[in-house]
Amino acid sequence: MFWEAPTCVVCLTELYNNLSAAPCGHVFHSECIEKCLFSQCKNCPLCRSRVVPSKLVPLSFNLTAKEQPTKVLGLSEEESKNLLTLQNLAVEAQNEKKILEKRLKEAEGMVAGKSESIAALQKIVEDERHNCGKYQKKYEESLKEVSHSQYEIQKYTGLFTNAHKKLKELESKATQLESLSKLVEELEKQSALAWAEHAKENLSIEQQAVQFYNALLITSNSLRNSEKQIKELKTCNEEYIQQQSQVKRQAAAYKKETESLKKILADLESKTNTSSLKRNPQDVMHNAFNQNFSFPITFQDAKQPKKALSLLSNRSNV
């Protein structure tokens, strides 16, 4: 009489060995029922009754896999060998399945870790892009300020050119006044001699000489005032020359700082394309921007030339 061995409802293989019975009476492989109880709800897979792992009853039979096909099922020796081979293959398949499941879990864990790392890196990249946008905006604003400063420099350069032209004109007038003063001195000498000779002869001539002498004194005073103005203009010219040199040095410093900022921005854009960052680029760009691009004067100070030039002079000395 032949009979079929029952199968496990979890793995759908025959129940031969390593069996456990639930309190409700249903029999499963020990590994299958433990896996169900720990991975899913703690219920029997068949009747859904409550099952506690400590209440499982292990079952042991006197039959072995080699004795069962020949003695119980009545199979021939060749059929029993084939069945034994299939059982061994099934055991190997189960073992391989366990190994593959373990590898699958490890791979899933690695994938989850990589996904988290990728998400973190993507967040860092987005933050860096945002920071790059802010620094780009600051860079454009700085360029506008530099262009405005260049306009102010051109304005003061034009004023200096006009003052220089006026100084040239005053110098030519001073030369004329010097020649005139020499002529006046000669006239004073001649008039003094003429007045001494004709003082006794004609009183009207004496009066005219007095008037002429007074006119000479007035001319001499005006000449001295003109010479004083010439000296003041020369001093002003020297100050304008010094101010122009300071403005040129400041313009060169602005250009150098602009080139340094461009280089820093290019380095930051290249660093944002890497997959990992050893330090926080936001702090690096913030420190680099504050160190390399700071304006010594404001536009309100630039409207007052003397104050702006004194600030620029202090900055160049530093």
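Placement of Cβ uses the backbone N, Cα and C atoms for every residue, glycine included.
Taken as a whole, the domain 'RING-type' (8-48) shows an average pLDDT of 84 in this prediction. Taken from TrEMBL, the feature domain 'RING-type' covers 8-48.
Under the heading coiled coil, TrEMBL lists 76-110 (among others).
The coiled coil annotation in TrEMBL covers 160-190 (among others).
Look at TrEMBL and you will find 223-271 (among others) tagged as coiled coil.
The DSSP breakdown of the domain 'RING-type' (8-48) into helical (H, G, I), extended (E, B) and coil residues amounts to 10 helix, 8 strand, 23 coil. A Cβ distance under 8 Å defines the sequence-distant neighbours of the coiled coil (160-190), meaning residues of its chain 6+ beyond its ends; these are 212-213, 216, 219-220, 223, 226-227, 229-230, 233-234, 236-237, 240-241, 243-244.
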